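According to TrEMBL, the protein has these features:
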- 1-95: domain 'Ig-like' (DOMAIN)
- 100-190: domain 'Ig-like' (DOMAIN)
- 205-293: domain 'Ig-like' (DOMAIN)
- 298-378: domain 'Ig-like' (DOMAIN)
- 384-464: domain 'Ig-like' (DOMAIN)
- 523-618: domain 'Fibronectin type-III' (DOMAIN)
- 623-713: domain 'Fibronectin type-III' (DOMAIN)
- 718-811: domain 'Fibronectin type-III' (DOMAIN)
- 815-903: domain 'Fibronectin type-III' (DOMAIN)
- 936-957: transmembrane segment (TRANSMEM)
- 964-984: region 'Disordered' (REGION)
- 966-984: compositional bias 'Basic and acidic residues' (COMPBIAS)
Amino acid sequence: IVNPPKSVIVVGVDEFIMSCEASGTPEPSFTWTKDGHKFDPRSEPHLKVSEHLGSFEFKAYNGSNMVNLKNYQGKYVCYASNDLGTAMSKEATLSIDGLPSLQKEKVSTFKADEGSNITLKCNPPESSMVPVIHWMDWKLRHIELSDRVVVGKDGNLYFAYLNTSDSRDDYICNLQYMETRTILTKDAISLQVKPSNSVVRKRRPHMITPTGPTSTYLVLRGQTFDLECIAQGFPTPQVMWLRKDGELSESRTVKEFFNHRLRFLNISESDGGEYQCIAENTQGKAKHTFMLTVEAAPYWIKEPVSQLYAAGETVRLDCQADGTPSPTIRWTVNGALTIYRVESGSLILEQVEFGDTAVYQCRASNKHGTIFTNTHVYVINLPPQILTKDGKIYLHTEGQKALLECKTFGSPKPKVMWERGGSLLLADPRVNLLTSGALEISNVTFDDKGLYSCNVQNSNLSITAELEKRCLFFFFRYTFDESNLIIADVNTEDEGVYTCEVITSLDMAKANGTLILIDRPDPPSNLLLADPDNRVVTLRWTPGDDHNSPVQEYVVEFEDQSLKERGWQKLEKVRGNKDHAVLSLWPYMSYKFRISAINDVGKSNPSLPSEIYNTSAEAPNKNPEYVRSESVHPDTLVIDWKHEFNGPDFHYKVLWRRAVGSGPKWHENITKESHVIIGDVGTYVAFEIKVQAANAIGDGPDPDPIIGYSGEDVPLESPMDVGVVLINSTTVKVTWAPIDRELVRGKLLGYKVKTSSLHFWFCRYMLSGTLSGFKILNLRPFSSYNLAVTVFNNKGEGPPSDALPFETDEGVPGPPAVLNLHSPSETEMTMQWRPPVHPNGILTGYVLQYQESKHSLYSSWSITQHTLKGLDPHSRYRFYLIGRTATGNGEPIMKIMKTIPDGDTIYACHSCISFVLFYLFERVAAMQKSFATQGWFISVVSAAVLLLLILLILCFIKRSKGGKYSVKDKEDGPMDSEARPMKDETFGEYSDLEEKQTASQPSLCEDSKLCSDNNLDFNGSSVITTELNLDESLVSEISRPSVQEGFHSLPPNSTFNPVPVSSATNGVSNLVTIPD
């Protein structure tokens, strides 16, 4: 039977067709059974029969009513018979079902409190067809699903907890029936969520489905099966899956629907066991255990093979099947029960006759189903033939096994005898006659060489074979290395037993060793296509020699004859103990198959290709995957998808319409490409998009729409109502009004905040488009800034807002730049300093402190030198110099030393970029005066002083250059760190420190790439921050005075005469004198 009848589900009053096609010589005739009883379609008044050569078909008349059609429900078997036997088909089921219809229902309105859970039920009508369920609104937009809102396997819509945003009156359940290509729309459900007047109370998880602690499921091998867990609770419970009695298979399971479903793909017996889902949130856990049992409908282990047999032979047809529970094996002949002997599922036919020619069916059955196969037994009479070439020479080394071939053909099967020199050979225990007719000689010796003859009994047919012994020492591949035998380029002919003999004048000893060669397997041969069923075919083969390494698996490859440029492609892998594979194929393709074998050594060469197998065309059974919008240019919609279908006149139907306000009409485009470009559609407009596969046979299933957008353009306008609020001398808050989404002309990615000091712009990025405020930290006090805000999308950045100037308040100054100490005598100390590099306001004076007697000196801002007198020459002092503004005292610069004889000067440099030198020369009161008058000591001290002067000169030169940076230096430095959101998630914030710059410096935002998206540095610091960090590191190395140590103070007779200074210079007076 070439094309057996197929199961049919008839919906409504549609017609049905049952057909059966068979081949044979002579041409077969057809009979049918229905539910095990004879059935003649010709005698049925409501059926129309069509018989052709090799086929039989019956169908219902158009217009038959449902009552008449239901009389034909049942299980049908087709029988094809001729003089050589009867073949039977698999059972085909005819089911009659009415069109599903919706009953009149009341309008459902549900009211629930915020934070509670609820289930909206779909309740599909009863039908043999399983619908695909979609929850949508009035505008046919899918209800947005998440881990909080899930559609269950039963079609219900589950809410883990409710938000006020869930309130709507158009929750609509749509039922899509793929078999009839119809959609039923149920009445809308209204849901009203009452807001809570207080904080929603958190709840531990609780299982909605399944109920109870455990569930038990029975699944059949090879099916796809889902386990589902849906829980309610607040916050939304997160679902995890585990296998309690083993490891969860990653290759055969996938987690879907936000982890609520565990799907088994091609489930096997090893997947049976105990599984558990755990729903967990911050309040607790909920668990459910699944007991999964996997059984199997019967499947073949070994199928009987159709063959030719001679009269008088004993035929054994082996039939082995497996399943859970274990199937029972039953044999029939031409569809009728047999009386032949059956052993362990194998049918034994003894002394067959020509009348035993028939079709034998092996049935394997258990409670889950029945499978069967037709096996043809032909009992014929043919004269014998010898197929092996005459005069063949066999070379073997001593100790090997020799195999002399003598293949025969005939019916009855020819019997052969081997002779040597007129004597039969079977008396030798080393000689064995194989069923194939070959002669096997074990442990070949030198005496075995010579001529052998194979004779067919009761005929004059014979051939000769010559066995030659190969001597190892006559071949260059065999060499000796002292007592070792070395074999080069080893091959299968070198296999055997090797004997090493040690001979002396007194004795002889020998030892044997066996050489076994392992290699890649030979490719399979005799590829045969059997049991064709359109898109399913069984590929059989004869395994090749495994070369002493068992085959682990076979790889089946195919080549599409219409697309040979694609080459051979992998189709399926089969275990190494198999000699066939059932292949599922694509429609409308021309296949060739080949097989490779793999063992521990490697992969064999591919087999010779099989004959061509063509599958018939069908309408596509699915639609393209990965449908998406790849729009780049404004006013253009680009729809792209993955191409993987074929068929006569194959094409795609591309449909699109605006997601909002377009009505039910779809625009359509027919194409054979895997993309389509649509123009004049507007900028960043949402579209519903569907791509349907179709060919000359029909269309694929109606696809679900996806949402895509046309191309973006740069924003049209800048944010409005930009404002700045001063928080303190280093921090401001920036606010703006959110921009109209239509003016963004794309996906709103966020805002960019830009600040400038003098003429130098810095870019600040806000990565969220939901914020409407921002904090800027670590600005320079007493400084002028400009600020602008832009909005950006994927296409680029919009125009900036008008520059908004602002000034920061006065702050405390930085440390004085330099503090120099000079000791005129052992009781005096003269200090010289430079004003702070960053006054951060108007300097009002200095505070000089030295530690010993808690004394402090307050001086005018214009004084940069002071001499302390009356110091103790044997005491060690710590000096602090602090600048002052109206805001308060700034950071100190500090130095520790004792008074030093005239001529020695100590320098403290706070802002030297390259290095800071602190030199301290202490005199020890107990030092002997004679030691200081030594000549070598005076020379060392003089050299040290000279070196100190040179280093100080270098320090001042470096300091005079350190405060000036070119625009190039600024561009080479990293940008400031990104904006960081505040804890209240309302404002972001970032740091900024002022750099020294000239009026000629251009804006980096305009002329450099530092402001581009590719130059964001969320962790780095700017050049300004690096300077600040260096300065602060110097300050940190100098410990501040503790309260316990106290300070010496000078008499408060110092003048304090502050002089106003312009803010344009940041509080640094042009009258301040910096000593050399």
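The backbone N, Cα and C atoms fix where each Cβ goes, glycine too.
Since the structure is predicted, the reported quantities are computational estimates derived from the model, not experimental observations.
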(request) Decide whether the stretches the domain 'Ig-like' (298-378) and the domain 'Fibronectin type-III' (718-811) have at least 3 CB pairs under 8 angstroms, with pairs required to be 6 or more apart in sequence. (result) no
(request) May I ask whether the domain 'Fibronectin type-III' (623-713) has at least three C-beta pairs under 8 Å with the domain 'Ig-like' (100-190), counting pairs 6 or more apart in sequence? (result) yes
(request) Summarise the model's confidence over the domain 'Ig-like' (384-464) as a mean pLDDT value. (result) 86
(request) Count the residues of the domain 'Fibronectin type-III' (815-903) that DSSP assigns to helix (H, G, I), to strand (E, B) and to coil, and report the three numbers in that order. (result) 0 helix, 48 strand, 41 coil
